Structure formats: structure tokens, C-alpha cells
Amino acid sequence: MSFPWAEHYAPKHPLTKWIDSRLPLPRLVYNAIGAGYPVPRNLNYFWNFGVLAGAALAIQIITGIILAMHYAAHGDIAFQSVESIMRDVNSGWLLRYAHANGASFFFIVVYLHIFRGLYYGSYKAPREMVWLLGVVIFLLMMATAFMGYVLPWGQMSFWGAQVITGFFSAIPVVGEPIRVWLLGGFAPDNAALNRFFSLHYLLPFVIAGVVVLHIWALHIPGSNNPTGVDVKGPQDTVPFHPYYTAKDGFGLGVFLTAFSLMLFFAPNALGHADNYIPANPLSTPAHIVPEWYFWPFYAILRAFTVNFFWIPAKLWGVVAMFSAIALLFVLPWLDASPVRSANYRPLYRKFFWLLVLDVLVLGYCGVMPAEEPWVRISQFAAAYYFAHFLIILPIVSRVEKPLPLPNSISESVLHGEKAEAAPIGVQA
Amino acid sequence: MVVRFGAFLIGLVFVLALLTAFLVPREAAEETVAHKFHLHPKALKLASDGPLGKFDRQQLQRGFQVYKEVCAACHSLRFVAFRDLEGIGFTKPEVKAIANQWAIEVPAINPDTGEATTRKAMPSDYFPSPYANETAARAANNNALPPDLSLMAKAREGGAPYVHSLLTGYRDPPADLPADARPGPSLYYNPYFANLNIAMPPPLVADGQVSYADGTSASVDQMATDVSAFLVWTAEPKLENRHRTGVAVVIFLIIATTLAYLSYRNIWADQKH
Ligand code: HEM
């Protein structure tokens, strides 16, 4: 793997030599995130978010493991055990707020990471496998976050679990038995809480495993870059260390500062007040809303209000919601354009920003009550979401005339065309 | 090719289903009565507000007095222990006395007979509930349940300002209020409450209802403000700790990030990019 001009690991100290000849782990790290990995020299700050996603995963795992030492997964005392973490456990409030806000920041970072990929065509050959594994990570993250939100056993925990597991009952005939089997009862209760806790502990480690595959797959072709042009020679790259470790270190500082501002000064701003009320199966909250990172998908779910082709609206909603993510799996084959970066795709670039706007509109509709005008807006926005990926994108990639590409990364850099690496409104 | 054709068909089906739904006529959202008469909480300034906010311990003690003399008759505070009162400035002996003189005793077991009994509270006890169970609580309150107040300041959208507005918001129903929205028997009109009619009788009715030890004049508004401040503390007793740690962490991170930026610039100084 990697380019022929990659620097070679040459241990000098007898101890590192000794280790390397028995277990070449230092070598692996050197080649993966050290000087042995040549990276395009023109990456912009949007390339920081992969490492930041890794940092966010580490924060979740570390805070999560300590929380689990104090948490009690039982319907009668789960809520109370969380409150005792907040009040009696040393720095328990810090751990819990870090874990709760950490999930939000993880999603912020991963959404930016995904949209970076969409803009710069990182999903295209030869990086399809990187992208596919990324979508798997995204799905696992959503499952993990959903089950984690159930654990404090507040009102939104309970009713969120009720609504989400209710999706399964939309499946004809077998749906209801499946739902009961998954929950271990007719409604979320102790059995459900316990299995959610078990899975919530397991899945982050599965994610960590898939992240390893994701990075392994990335290192076969190497990183994409803002021009989307392939690396041609040594003049196009710099070693990951120290160049990108330094840049990622700065990015990490900015990320942690933003995270700390939230965690220490507005720790409940992204949460929902109702989750400070203990779960009560007899009292339904006025508005059941999921966490913000699910809002766009929640809007798609609720946009299907009429039975179409004899299929009930609810089933349409559930199928569409899952399809909205599943379609990312075929994206590399929907986009036929050989040009990667949207900087050189004037037509695609416009549709990309429309998609960004569309997802923001969907997110807004997702948090509003299911009333007019929000339902109608969400129906239009959801239709546009599917049209973008399944209809517009394949056509655009056929008809559009890309702008002339630079001959190489170094040429583009040496011409001083820093603007080419800028993501918004670039004229080539 | 097959992928793109299949995707096109699937896309078309979703778009058609959504556009059909889009075109189905429907009624515009009606403004409900609750919507029309409901009021948003009035602004409330507390010392604990803002990123550097600290508790006003004098005020918290007054708020505790209001809780003790008024609210505790109906509302529990089950996540707060007597010992926690040291956090709002009571001394150990004072806490001991407060627990010992608390009007409601805590459930216990008679060491001689093993029978259920009650005993005087100790500093390590949590505030006892005024009712034996939910059924008893509802029976005493016209079938309404007085919620636990420990987390109240975080469990409502409006937070402490909501509690303050609720306590001072009781009034006669407006003349144009439709008949079906008027308070039924043992309900009270309060425009800050979500459905306008609350089962809690106005708890703070007269100036001077409690006599503050520190001489503050106990107007209804003052008592409501003090007890709201107290409930911010019961909901988030580690608030000051959080603010203090936050300031230190953010200052540290800003310095560290600046250094990281300088070293990033330094390392890249010899590279065009
Ligand atoms: C736990 C979550 C994730 C972690 C820890 C992670 C980590 C990384 C890292 C470290 C890189 C290399 C640095 C970079 O290019 O930013 C990378 C690249 C990439 N990731 Fe992820 N990732 C995650 C989730 C995702 C998701 C959800 C997707 C898309 C659905 C995705 C798509 C990609 C793609 C396409 C690349 C190649 C980018 C390029 O070279 O241009 N990743 N990831």
C-alpha cells in the first residue's frame, strides 16, 4: 500500500528494533498515521473531521465506560441512578454532560465529514469501499445514539423507544410479533432497557472495528483532496507526520474548545426538558421529538400521510426513512461523472448546496409539531431529497460539462490557486 | 446502468407518493384555545444565570424556607438529602436541627418488633415525601399528583422563570375564555400552565406568608423568586462547580489551541499548500 516514495520505518534504538522484529506494531502506526503515510499537500480544514470523529468516538467510549460503573439498568432505579451520578459521584455531572453533549458533537463532526465527501466526490472510485464502510459507521452510530438516549429512562427515553420500535409494527403480518420480540414485551420495560444497555455498550466497539477497516481501505488509494485530482508524484504529497498531525492538533483544540463551551455553559441546550421527568407509560408527552441529529429523518418519516398504491402511509414512511440512508450505499454508482471535486462541476455544485438547504429544512420540519404548514413543507423537501440522489444526480453527472482540471495537485498549489481549495463559490 | 435505472424508478415512486400527499387538501392548523390564551414565562433574573453565575446563598436559604413552610406540604424533593443543605450555607448543627425538626418523619423499621414505623429524619436522609404513595397523594389533591420538585427547574421548557410565573400567575379567567376552557371544580385558571387550568391551589397568596429570618420583606413575588432560585439549586447543585471548571478549562484550551496553531504554522512554513 501507499506510494513508492513513502518514508520507511527504520527503528534506531535497540529496544524499538527488538519490538519491531517481533511485533511490527510501531511500523503499522508509522505507516498509518506517521511519517510513512504520504498525504496530498493541499487538504483544507474539511479534512480535519475524520480525525475529530475518531476523537469524539474516544470521548464517548471513555466517558461511557465510567458512567456504566455507576449506572443501574433497571426500570425502577435507572432514572435515580443517573441523578445520583449527577449529584453524588465525584465529577459525575462532568462525565454525564460530556457523554450527552459528546454524542451531539460526534454527529456534528460526522455530518460535516459526510458532506465533505459529497462535495469533493470522495465516494467515487477508487474510494467506494471507504464510503460504504462510512455509511455502515453512520448506521451503527444512529443505533447506538438511539439506545443510549433510552438509558436515563426519562419521558423522552421511554416514548422515543415506543415510537422507534413502533416502526417495526408497520411491517405487514410479522411486524407486531417482531416488535414484541425485540422489546421483550408489549411496551418498553425492564427487558427492553436491559438489552438496550447491553447493545449500547457493545456497538461503539463494533464502530471502532469498522473505523479500522475504514482507515485501512482509505490507505489503499490514499486521501482524496480538494481538487479531486489523483496524486501524481512526490511533489504532490507531504508526510502525514508532522504536517497533518500538527494541523489535526490545531483542529482538535478548536473542537475541544467548542465542545467545552457547550458542556460547561449550556449542557442542556441540545436536550429535551421532558427527559428530566421519570418515564411514565400512562402519560404521553405533548410533543415526542427525537434528538436533533434525527430530525431530518423524522421529518421524512412523518411526511408520508396518504396511503399510496394500497400501501399504508406508515409503512411508506418507515421504508422511506431507511431508504434515505440506504441510498448512500449506491451513491458511488449513481454519480457517473469522472470528475470528483465539485469545484470543477458547476452544475453539481448548485445542486449540492440545494441539498444542504433541503436537509436543513427537513431538520426544521422534524422538530416542529406535525401541523401545517410544516407537513406540507416536509413533503416537498422529502420529495426533493429523494429526487436529488435518485433522479437529478444521475442526470446531472451525464449532462454537465466540467471545468478544466489542473494537471496535478502541485501545479494547482504552485499557481497560487489557493482559492481552488476553497469550498464555496469558487470560480476556476 | 441497471443501478441508475432502478434508482430512477424508486426515486419516482417516492416522489409521486410525496407529491400526492403534498396535493391532498387539508385544513390549516387551527389556533387552539390553549394556544391563544397561553402566556410565555416572564423574564426572571437570578444570580445563577449566565456562564459565570453563582448562587446567592442568602436567597437559597429564603427559598428553602418557602419550600419548607409552604410547598413541602404537598411536594416531595426526593433527590435532595438534608446533608445537601450544607451546600447552601447551613452549618452541620443547623442541618441536624432542620432534619430533626422536619414535620414529616421518615419510614423505618422498629428494631424490637420489626414492624414498620417512622422515625425523625437525620442529615443523611432524603427529604421525605408528604404522602405514603401516589394513590394517597392523588386522594389528597382531587386526583391530581403534585410532582416531585427536585428537577422541576430543568424538567419544564421555561425553567426557573416558568416556576416563578406559574406561582405568581393565578388570576380570574378572562371574559372571552370559551366555556369549555374554563376551570372546572377544584381547578384554577393560570395562563402559564400548558392547558390553562391547574389543580394546584394558589400556594402563595399573601405578602408576609412566611417571615424571613434575614428581614427581607416577603412579598408574593419575592417568595416566588426565592423558591424558584432554590429549585435551580435542587435541580443543579453542581452549577457553580461546573461554571468554575468551565472557565478554567476554556482558558487552558484557548492557550493550548493557540500554541497548536503556532506550531502548525511553523511546521508548514517551508511548504506551499
Ligand atoms: C466514527 C465515525 C468515523 C470516523 C472515526 C472516521 C474516520 C475517518 C478518518 C480518520 C478519515 C481520514 C481523514 C479524513 O479524510 O478526514 C476518514 C476518511 C473518510 N471517511 Fe470517515 N470516519 C467516520 C465516519 C464516516 C462516515 C459516516 C462516512 C460517510 C458516510 C465517512 C466517509 C469517509 C470518506 C469517504 C473518507 C475518505 C475521505 C477522503 O480521503 O477524501 N466516514 N474517516
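Heads up, the Cβ atoms here are built off N, Cα and C, so glycines get one too.
Residues annotated as heme b b562 binding site in TrEMBL: A:H99, A:H200. Positions annotated as heme b b566 binding site by TrEMBL: A:H113, A:H214. Residues or ranges marked as ubiquinone binding site in TrEMBL: A:H219. Sequence annotations record features per position, and here TrEMBL assigns domain 'Cytochrome b/b6 N-terminal region profile' to A:15-227. The domain 'Cytochrome b/b6 C-terminal region profile' annotation in TrEMBL covers A:230-407. Residues or ranges marked as transmembrane segment by TrEMBL: A:45-73, A:93-118, A:130-151, A:157-175, A:196-217, A:250-271, A:292-310, A:316-339, A:351-370, A:376-396.
This prediction places the mean pLDDT of the domain 'Cytochrome b/b6 C-terminal region profile' (A:230-407) at 94.
Taking A:H99, A:H200, A:H219 as the candidate binding-site residues, the subset whose CB lies under 6 angstroms from any atom of ligand 1 is empty. Here the listed stretches are A:157-175, A:250-271, A:292-310, A:351-370, and the one with the most C-beta pairs under 8 angstroms to the transmembrane segment (A:93-118) is A:250-271.
Around A:H113 (heme b b566 binding site), the same-chain residues at least 6 positions away in sequence with a Cβ under 8 Å from its Cβ are A:F49, A:G50, A:L52, A:A53, A:G134. With respect to their backbone Cα atoms, A:H214 (heme b b566 binding site) and A:H200 (heme b b562 binding site) stand 21 Å from each other. Sequence-distant contacts of the transmembrane segment (A:351-370) (same chain, at least 6 residues past either end, Cβ-Cβ under 8 Å): 115, 118-119, 287, 289-290, 292, 294-300, 302-303, 342, 377-378, 381-382, 384-385, 388, 392-393, 396. The stretch in closest packing with the transmembrane segment (A:45-73), judged by the count of Cβ pairs under 8 Å and taken from A:157-175, A:196-217, A:292-310, A:316-339, is A:196-217.
Fewest Cβ neighbours within 10 Å among the binding-site residues A:H99, A:H200, A:H214, A:H219: this applies to A:H219. A straight line from the CA of the residue listed as 'ubiquinone binding site' to the CA of A:H200 (heme b b562 binding site) spans 29 Å.
If you look at the transmembrane segment (A:196-217) against the transmembrane segment (A:376-396), you find fewer than three C-beta pairs under 8 angstroms, all six or more positions apart, and that falls short of contact.
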